[in-house]
Every structure is written in structure tokens, then in C-alpha cells.
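Inspection log for the structure reproduced underneath, given as C-alpha cells.
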Amino acid sequence: MYDGKSSALWHLVLIAFCTRHASADDYVSMGSNTNAAEAMQFLREYDREASGMCYRVTTAQWKFVTNITEQNRRRMNEELALSSKFERLSWRKAAAFDITRLSDPQARRQLRKIVQASRASLSDDKFNELQKLITEMKEIYNSAKICPFGQKPYDPHVPKVGSPATAPPEPFPLTHPHYQLNNHPYQHYQPYQDNPEFPNYCDMQLDPEISRILAHSRIESELLYVWKSFRDQTGPKLRDKFIRYVELANEAAVLAGFRNAGEQMRAAYEEPSLRESVEEVYNQVAPLYKQLLTYVRRRLLQRYGNHTLRPDGPLPAHLLGNMWAQNWKSIMDLVMPFPTSPALDVTSELLRQGYTPLRMFQLGEEFFTKMGMKPLPPEFWRSSVLTRPRRPAQCSASAWDFCNRIDYRIKQCTEVTTQDLVSTHHELAHIQYYLQYADQPQLFRDGANPAFHEALANAATLSVYNMPHLYRLGLYNNKSHDSYEVGMNFLMTMALEKVAYLPFAFMVDQWRWSVFEEGVENMNERWWQMKLRYQGVVPPLKRTEEDFDPGAKYHIISDQEYLKFFLATVLEFQVFEQLCVAAGHAEHLHLCDLHRSREAGRLLGELMQAGASKPAGELLRTLTRGRTDKISPEALVK
């Protein structure tokens, strides 16, 4: 997943193209320097210095996440502190120019990215306080741990059974002993308190332990316990810090010419009517979501009974296989339309054919090069971390751009599974994006708007995880690509992952904008009101303002904009449909295989090469051959 680490420039310049209550140029004309030569010289110097700073920050981050030591943590924090100073200095220099008087539109665009950086307008003390608050909130979140279900808190003074008194707790198993990749043995699920393989101490974290319980347990009391326990360890501890964060973020936004921090976040999309257009997109997908909810509710009633949920009521948040009820794919065993038909899982075939993580990445590279796109550079193979290291490291998959036009890497603890085969192609699509826009200035080495990077990577991945492509690779042996039952199971899997996600991805920033605009009073009540309105989801027990349930979502407390995930999910299908048209595909969209399509590769490469040098609407016109410059959910609904 493209998570921001791969573009360390985000730590240097926060992107915000927006209005000062009117148009972007109302704000950027505050400077008085109209010397175009000086502006161009500044941008050349900035590009060189920002690239160097980006390389140093990214290198320090990479060393830490692939080898977690205190020394590497200190070095990373030192580089991040230097990058913050560079950000503020660059903002002051760029703000001296009257951008509206410059004739070069690309120069205006680059300067606007720097000048309207959100937090650089704060005083030094408040800027540092804001950065410290965000860091502290992330540390609290990442350190949240709970006890296993049915067990008491770990007492280090009480020896474990069968262990000497001095023995430290053992690491929690990374794989649940009853979790299998090739089928759904949930009827044999054993709760943690009955399982001697799990240690008796409170060291269960969100990933992997808590997430796997929510995904695979079908014991309602255990699901309720872990759902509540994780929130007990996050929200109440984060609430006061988040309130102060809102105050400082709003102050910074006002100083930068915005009404509030929500308006500033929306500015990155360069669309004055963003709220209205996004609401329109949501309204178009809402009927499909409601149909999915109705079907899933009926299946959950069959499993849990009407003492847990009502036949005509909302869904309890802890029963949907995910901490935030944002992705329902993990309950596929409960809702699969045709349980006796084969699922699209090629893990056993990958293992039978002797696939390794390296071979999976080579297969992924071949997918792109056969579309006429760029091969991976030698540095990728030399420096990437493609399997789990023996030392402490973060294992979440991510693609990295080291900002020097040479060094690109992936960090992924790859296992030979269907899921990781898809993830491999997804991360390689991000790398392809980096390679394609490498010749752009540093400020333009990013997506056209915050949704583009993830959308284009997902669009390429849609061609990989489907029956025709896996059959072509010799991994899927069922020739009946148009089999009704197999196709319905596949589409249900996609709906649980994509359609179920849309209301959540939409409402997160709706809530956040309301907090920035209306204040922090009753903010937890507003959170659950929006969850009910958009998701049809309710908490499984009574909640209060002190619970601060939004704090259980990392993107909220880490100051990461979330609307991009809603738009990216819609846009990926719009992009995929046009790539399939370019490839000459005329059948159902979920059967489209872009294998060896040079025309599809040319179109995808053209979108990627532009980076952030053009507005998103202009690239959408290129994508749709002039028909529209708007994001449309029509292809997703198909």
C-alpha cells in the first residue's frame, strides 16, 4: 500500500492548493517579489535541496522500519526534525513572491505548493507543539495492547506454568494455529483462553493478533471483548491531545488563509465544489451498498440470531470482521452465495508449483514490462526487503521512492499466498508510478491529487486478481470463467472489500471536517450518528464522549487525510474500465485481463508520467478521451 512513507517529501511540504475563501491566487499574491528569474532560481535550488533532504529522510525511515532499534529511531527523528526546519524555511522564501505575476504556469504551480503549506505559518513554539502532539498520539496508538480474552493481566512476578521464574514472556504467535489459507475452518475456531499455545500475558496488539481475532473468530463474546478493549486503550488516552491538535490545526489554517483545517485539507484536490461532487458520488453508490447491507444482515442473523441484531436494524460494529467495520471480506465464509463452488484462491497452486517470494516479484515485473512499461532498476533487487527479516521490523507492505531517480524499493514480508501475489502487483504498480514520473521536478513527483496514486495502483491490480488472468498464468484450472456460481462468489468478495468500504471512507472526513468547523463538543456522538447514517452500523454497547472512538482509527490521530481512499476506490474502477477499452476488452469488466496490452500500458503510463504537474481533471479528460473531467462511480457499479 502507498502509505506516505514512500514519498518522504510529504514531511517536507504539505500539499494544499486552495482558496483564501475565494481563489488560490487571492492568497498566493501576498508576496511582493515579481522577479521571474529569481523565482526560477529559487525553484531550481529548492528542487536540488528538497531531493537531497527527501533522500536522507527516506533513508533514515527505511533503516528504522527494516531494523527497529533505538539508534535508528533517534536518527530518523533527527532527520525528520531537520526536514521540518527545511519546510518552514522554504515556505518563508517562497512566500516572498507574487505568484500571480509569474508567467510560467508550472512555476506558479510549484510555488503554490510551497507557499500554501499548512503548518509553516504557525509560530515556532506552536509548530513544534503540533508536531509533538501528532507524534505522541501515534506512539500511544502504536503501543496499545490488550489481554487475551478471558485472561487476567500479566503479572511479571508470577512464573508461567512450566517456565522458570526468570523467563520473559514469549512472542505472540504470528499465525493463529487454526487459521488456514486454503479453506474456512471457522467452525473449529478455538478461543484464546482455551488455547495452551497462547501465552498468558497482556501483549496483544492490533496487528496481527487483534485483527486476526476479529477476522476469524465467530464467538460473539470474544469479538465484543477485543472490540471494546482496543478502544479502551486508545480513545480515552488520546482525547485531550486530539482536542489540542484541533485547536492548533485550525489556527495554522486560518493563518494560511483558510477558514479551518478541513477547508485546507480539501484544498489539495483543487476543486472548489469538492464537497458537493463527493456527496453526489456517494449518493450514486449508496443504493448498491444498501443492497449489500441487507443481504449481509440476513446472513449474520442466521449465524448470531436476533438477540444480537434485528432483521430490520443496523449492523453491530463488532460482527463484520474488522476493527472499524470498513472491510467485510473476512466474513466471506458467512455470506458466500454458493459455498460449494470454488473460491478464487490459488495459494495451493502457487505452493505446488514451487513459487517463492522472489518469483512472485519477477512475475509482477513481467506483467508491467509486457504492457510496454518500465523494468525495475538493479537497485530495486539489491535493496528491497521482500521477505520477513530475522530482526525486528515493520512488515506492512509499502513502496518507497528515495527521491534520487535511481533507488526504488519495496518492503513486504511476502508469503506464498493469493493475497500476497495481489499485494506484490499492487506495490509494483506504485513503483511503476515512481519510475514513470521520475523526470518531473521533486514537487511534481506525486499523484495528480491525493487519490491518484492508490487508484492507479489498484486499477492495475484489478487485472491480476481475476479468473482469466490467473488461468493464463496456469494458476487457476477452472475454464468456466463465465460460470455463474464462481462469478457470483468472486463478485461478492469484491463487494465485501470495495463496496462495503465506501461509506466508511466517505464518513471519516465528513466527521473530521465537522469537528474542525463546529468544534469538539459531542464529537463522539457525531461519530456514531454518521456511522449510522452512512454505514448503517452501531456500537455493540453504550458509548460516551470519554470513549472517543474515532481515536481507534490511526489516520485520524496521525493527521492523515482520508477522503483520498473513498475517491481512490471509485476512481480505480473508472481507470480500469478505460484501460480495458484500450485493450479491446468487450466482455464483463470483472473478466478483463490487460495481459500484454501495449495500448493499455501506453494509457496508464501517460497518466503516471504527468505526476502532479497537471490537475486531476485534465488527466481524467485524457483517460476518458475528452468525455469528462469528473470522477464517476459508473464503472464500479457495473
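Cβ coordinates are placed from backbone N, Cα and C, and glycine is handled just like the others.
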Note = Zn(2+) 1 binding in TrEMBL involves His426, His430; of Glu415, Glu454, the partner in that site is Glu454
Ask   = The disulfide recorded in TrEMBL for Cys413 goes to which of Cys395, Cys580?
value = Cys395
Ask   = How big is the Cα-to-Cα gap, in Å, between Cys580 (disulfide bond) and His430 (Zn(2+) 2 binding site)?
value = 19
Query = Cys592 (disulfide bond): which of the recorded positions His426, Glu427, His430, Glu454 is the nearest Cα neighbour?
reply = His426
Remark   = Here the 10 Å Cβ neighbour count for Cys395 (disulfide bond) comes out at 18
Key: Residue among recorded positions Glu427, Glu454 with least C-beta crowding, 10 angstrom cut-off   = Glu454
Message = Here's one to test understanding: among the recorded positions Asn67, Cys147, Cys413, His426, Glu454, whose C-alpha is closest in space to the C-alpha of His555 (active site, proton donor 2)?
response = Glu454
Ask   = Is any of the recorded positions Cys147, Cys202, Tyr269, Cys395, Cys413 within 10 Å of His426 (Zn(2+) 2 binding site) (Cα-Cα), and if so, which, in sequence order?
value = none
Ask   = Under 8 Å Cβ-Cβ from Cys413 (disulfide bond), six or more apart in the same chain: what's there?
value = Val385, Thr387, Arg388, Pro389, Ala393, Cys395, Ala397
Ask   = What count of other C-beta atoms do you get within 10 angstroms of the C-beta of His430 (Zn(2+) 2 binding site), across all chains shown?
value = 26
Request  = Based on Cα distances to Cys147 (disulfide bond), point out the closest of the recorded positions Asn67, Glu427, His430, Glu454.
outcome  = Asn67
